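Feature annotations, reproduced from Swiss-Prot:
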type	residues	note
BINDING	Gly8, Arg9, Ala10, Gly11, Ser12, Gly13, Lys14, Ser15	ATP binding site
BINDING	Cys788, Cys1106, Cys1109, Cys1115	[4Fe-4S] cluster binding site
Amino acid sequence: MGLQFIYGRAGSGKSFHCLNSIKTKQNKDSNKKLVLIVPEQYTLQAERDLIKVLGTGGILKTEVLSFRRMAYRVLNEVGGITYPHIHPSGKNMIIYRILERLKDQFTIFHKSANCKGFVNTLSTLITELKRYNVRAESFDEVLQGLADDNYLSHKLKEIKLIYSEFDSMLVDRYRDTDDELTLLSSKLEGTEIYAKSEIWIDGFAGFTPQEVEVISKLIQQAENVHITMCTDILFDDVQADLTDVFAAVKKSCKKFVSIAESYGVKILPPVCLNTPNLPRFKDSRELQSLETNYCSYSYRAYQLPTQDIELFESVNIYTEIEECARDIIKQCRDNGMQFKDITVATRNLTGYENLIGVIFEQYNIPCFIDSKTEITNHPLVRMVLSMLEIFTENWSYESVFRYLKSGLTGIDNTKIDILENYVLACGIRGSRWTQEADWNTSIEFRPDDGQKPENDEMLLNINKTRNEIREPLIRFRNRTKGRRTAGDFCAGIYEYLVEIGVEQRIRNYIEKFTQSGQLRLAGEYQQVWNILMDVFDQAVEVMADETFGLEKFANVFKIGLAEYKISSIPASLDQVLVGSIEHIRSHEIKALYILGTNDGVFPSAGMSEGVLSDADREVLDKRGIELASDTKTRAFDEQYLIYRTLTTPKNYLRLSWPIADHEGRTMRPSTIISRMRKIFPKVTEKSNIVKPSADKQHIDLIASPIPAFNQLVCALRQKNEGIEQGEIWREIFAWFSGQDEWKQKCDAMINALKYRNIAAPVDKSKIRELYGKSPYFTVSRLEKYTSCPFAFYVQYGLGARERKIYRMSPPDVGTFMHAVIERFSKMVDENNYSWREFDRQWCSEQVSKIVDELLDSMKNTILGGSKRFKALAVRLKRVVTRAVWLITEHIRRSSFEPVGYEVDFGDGGAYPPMVIELDSGEKIRLVGRIDRIDALRAENGTYLRIVDYKSGEKDFKLSDVYYGLQMQLITYLDALWEYSDKSNGEKIIPGGILYFRIDDPMIRCTDNSTPEEIETAIMKKLKMKGLLLADVQLIKYMDNTIEGNSIIIPARINKGDVLGKSSAATIEQFTVLRSYVKQLLKDMCSELMKGNVPISPYKKKKLTSCSYCNYSSVCQFDQSQKENSFRMLHDREDNDIWKLMNEIDVKDN
């Protein structure tokens, strides 16, 4: 018996030496048992390599094993596979059960026990303890040496409790993967299965105590054991230099020598493969220099420009992968490499793998991404989990529609979309899903409106869809009510899936993907279905006869599913391998691309301590309990990983890094890059931060049709913007144009480049269809046209509406309060009450009564059907009561009397519509509703003032009238004025146009403020805004109490009855204003009927018409495009506006 070390630096040929030794032994003694042990992930490659070296087409006489394969082989032969194997998901379920049962006994882990992810953390710790041969009772001796009140003592007691409970639940029931090597070593002790065999152990960077124990048993049995070690020298004073990159390897060597000597096993002369020129790098002096100098402090710089080593700095991750793909194509095209010779590795595979898959497909690079995909985002798993969440979250919107959008329910997507709109609009959740009665809530928010016929049909279809969804779900819930076993829940879920046809749909998907050649997806769906069934089995096994509610089962089930991942196998031999740096295999890799060589990524900086801190591990180590490395040691181990990675390729190494992440945050290059620059002062460095300018540089962008076409699009767009491009793009365009499969795309590209974000005029025939033969508009809608013609067209022409969400928006609040004030005003009018005689209590009672009546009439709307909105409506009573009382105060202080409420002008209204005749002969009718008309009859005529109720802040600006943004009140006044002129009725004189704000504002007051002072302050805060007739006597009639500044109207009278600073205009100015607005409306309607709907929003100071627009995704307004710019509007002094209007009025007349 003997132990031999085969050692050498990376690339020295250790694996090749093992394979040749096996060949020699096999030829010399064909009856001897030969065994090659390699890491689990390398067994297939090792078998291929051995077949290649042997040249026999098979390896019947040699076993290629991993330690786990050896465990299965031995236990299968000598016994030990008695109990079912438990999957990590089952382990996590057990740990969850233990935490649920014991968490009240914990002090250290009491809060952590309820934290998401703590189960996985404990599972990782238990795995570590088992791999390092630490049993629960191992902590007893440590605990004896710690004070009872010591923090670590409490922690170890709780870990021991959890660990011992975990083991007791496994014993005589399950076989844990983490125990297999321990069981293997015990079985090897009592058998001679590997007696007189020759064993080679290759490819390990380090060994766990479990593996060391197995190797010690093999050393006792085998004729010879050969272990490869990646190191410069075999033995050294490890303690003297922990920073030595090979320190861990040398420590392992000493450990094995000690074991061999303790069993009296001979130490055979070691095989040293270190030479000045290592075999792997025989074709590359640069890579040889890198291996020699990277870990050497007294390095020797390589002074020549590099050909085999390249550094690349990229703008972002996407372009980094693109440049990697181009270079792979170049290596295969120019240097004769095959895809199978190339490996792409990164320390952040999760952040790169999806983009690599997409970009490599564009470049026609076949690749195999060596990673496992979590199944929690798979449609089947998402459907089952969200189905359980429907009940644990009480039919929440999120859970219901996550379930429905899984695509496996069999319900049509259009039905789901309609249902979703309705549910969002009506805020449906909870018991409203399960109630027997049909849903009948109207999504329209209009007091006194009846249900529309089209809504009846829509509700009928929605209720059909709802029943299709809820009935099988309710049947499942009835089968699983109360406390049940895991078996009951799993059976219930399976029956539910079969009932709604999910099992058959999965089969159909698998068949469809198989027939279309999408084998990866077919395998994925098959795996996920099998995994789901496996989790059912694990849950039933682990939870046994224990009973619990649905919520607890859902938590256990989710924990079980989270441990499963989907794996795939390579589709062909000739493809690029993409994987994590930790798992790449050095054998036969000619070119290595390392992506994401950034600071904190590679080498890694995110090393968490876990449950046991570094200090805890140090205490345990001193007391004889060896565990995995602490963060300090792992940081040194990271240097060994860097060394192994950089020395992996035989011919070519390329390191790249992005300077920014997905969110644009700066990323720095790794310390590896600075080290490379020192060793190779003339290293080849490239970057895509500065765009290439010469044709020679552009050629590098041409690697494959799809990305080349994308680059062509970019080049032509830049040329379109006036940036000169190289001649090469003309040739590339000619090539694509000449290819049948690309010609249509070229035409589409040219059309796209010619595209300008300009809304073309709408055809007149379509305008007639949209607005009718006798169009009518409200003035507020025409103000929208002024704000942005295109937004007007989308909203009122095409009828696009924002998705209704269950809330009372400001317009809804305004509508409701308007309705209350309207009813109150009509009640006053119909009963001939006088506003001047009301008291506050009576107003409050009447408002409350009207609100209740409105709620009753709206019981089938959002407001009427919701307790929350009913409560909101009650709170609005206070606001409306304040508004009504304020109206009362205004009328009391004024000589004007209300003569009309909610007065319509339009067909069937109190006044006919305003008719605007266009130059084309077309007639446009303007309609509207005036909230309130006040009148004062005098000898020279009747003064009228228009009052418009606003639930939000609204100021009157003459410049806004000039720009067409505030035409409503002037038009209302003009409608009355015009009707008076035509009907030869009493003479109408404009008294004013005013905005009345409906609000109950907060005001500043002191402890000494009297109720009268508070009321006065509120009235000042809610003072009406608008434009009055510049007549001192008339203003006094509007506010009989005015002294100086009025507290109810925008006016001031100075001493001597002189009109002070006021928002006022003369009768002549009102006439000009009337004429100007009428002409403005005519011009606007003329443009509208011509179909002119340009994307032309305005900007005034910081406010733009895009600020609150819902249609920005439709118009795609973009200031970076020349044709897209704001119309700049500026506030002007009133005198300037009057001059401009007078000039226009003179021209028109």
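Every residue, even glycine, has its Cβ placed from backbone N, Cα and C.
Swiss-Prot feature annotations superimposed on the structure.
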residue	record	Cβ within 10 Å
Gly8	ATP binding site	22
Arg9	ATP binding site	21
Ala10	ATP binding site	19
Gly11	ATP binding site	22
Lys14	ATP binding site	24
Ser15	ATP binding site	25
Cys788	[4Fe-4S] cluster binding site	26
Cys1106	[4Fe-4S] cluster binding site	17
Cys1109	[4Fe-4S] cluster binding site	20
Cys1115	[4Fe-4S] cluster binding site	22
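Other residues of the same chain near the [4Fe-4S] cluster site, with their Cβ within 8 Å of the Cβ centroid of Cys788, Cys1106, Cys1109, Cys1115, are Phe790, Ala791, Ile1095, Pro1097, Thr1104, Ser1105, Tyr1111, Ser1112, Phe1117. Considering only the binding-site residues Gly8, Ala10, Ser15, the residue whose Cα is spatially closest to the Cα of Cys788 ([4Fe-4S] cluster binding site) is Ala10. Here Cys1106 ([4Fe-4S] cluster binding site) is compared against the binding-site residues Ala10, Gly13, Lys14, and the shortest C-alpha distance is to Ala10. According to DSSP, Lys14 (ATP binding site) is assigned to a helical segment.
Of all Cβ atoms in the shown protein chains, 24 besides its own fall within 10 Å of the Cβ of Ser12 (ATP binding site). Sitting within 8 Å of the Cβ centre of Gly8, Arg9, Ala10, Gly11, Ser12, Gly13, Lys14, Ser15, and not among those site residues for ATP, are the Cβ atoms of Cys230, Leu273, Leu278, Pro279, Arg280. According to DSSP, Arg9 (ATP binding site) sits in a coil region rather than a helix or strand. Residues within less than 8 Å, Cβ to Cβ, of Gly13 (ATP binding site) and separated from it by at least 6 positions along the same chain comprise Leu273, Leu278, Pro279, Arg280. If you take the Cα of Gly11 (ATP binding site) and the Cα of Cys1115 ([4Fe-4S] cluster binding site), they are about 61 angstrom apart, rounded to a whole number.
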